[in-house]
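Read the structure below first, then the notes.
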Amino acid sequence: MLLVIDVGNSNIVLGIYDEERLVRDWRVSTDKSKTIDEYGILFHDLFRLADIVFTDVKDIIISSVVPTLTGVLEKLSRQYFKISPYVVGPGIKTGMPIHYDNPKEVGADRIVNAIAGFEKYRTALIIVDFGTATTFDYVNKKGEYCGGAIAPGLAISMEALFMKASKLPRVDIARPPSIIAKNTVNSMQAGIFFGYVGLVDGIVQRMKGEGKENPKVIATGGLASLIAPESVTIEEVDEFLTLEGLRIIHQRNK
């Protein structure tokens, strides 16, 4: 079995693959203060509930945008699984040309998504990933990563409103009943939710205009299923895109 680990600023997503089949996945909160042993116990408990033991895992690949946790999970892999993991970054074969001023600056998760998207759809793509930040990535018809855009995520935007406006409460991210809201909570939700839908559609439409390839637009990430139904540009939600990308990169580096 293959263990794939996607480390984001807010969540760590784990997946277990048996060949090409995703047999189990988990999403846990990212905690930079946790030690190797604390993460080891967490992994053990998750695996035990799924009737999986550490020795079932024969290989590990990690994608991380949190440098401090990259090292922790590398050490965990060696200590608990007795495996030297693959880490997405310089030296890893991706099979995708990266057209960026400094390719090392592109987040590992963005490249992983691009690889998975092109492998699956074989056409020009815009990939919208709803994470701590929301990223927009363009892949052309030749399967080349062309760049993209980064915007503050939904949760960051809502938290900033609460932190900076003293009379506004902290509220959940949700679709309100109407854009013309009748109370403060719904008003905040209306501004963030519908404003974000507009942001997504606006950026995607501008990218389509520049790219001129009629790209397919897919969304992934924790909040993709919330925004996608209201979007006029998102065509499909692929919640396991990043995990699938890690599996593909592992295959290309075996």
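Numbers run from 1 along the shown chain.
Glycine is treated like the rest: Cβ placed from N, Cα and C.
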Swiss-Prot has D6, V7, G8, N9, S10, N11, I12, V13 binding ATP. Which one of T123, T132, T134 is in the same site?
T132
Based on DSSP, name the secondary structure state of D6 (ATP binding site): helix, strand or coil.
strand
For ATP, whose listed binding residues are D6, V7, G8, N9, S10, N11, I12, V13, T132, the greatest C-alpha pairwise distance in Å
13
Take the Cβ of T184 (substrate binding site) and count every other Cβ within 10 Å, whichever protein chain it belongs to.
12
Counting only residues 6+ away in sequence within the same chain, which have a CB under 8 Å from the CB of S10 (ATP binding site)?
S29, T30, G131, T132, G153, A155, G222
With the ATP site defined by D6, V7, G8, N9, S10, N11, I12, V13, T132, which remaining residues of that chain have Cβ atoms positioned within 8 Å of the Cβ centroid?
T30, V65, V66, G131
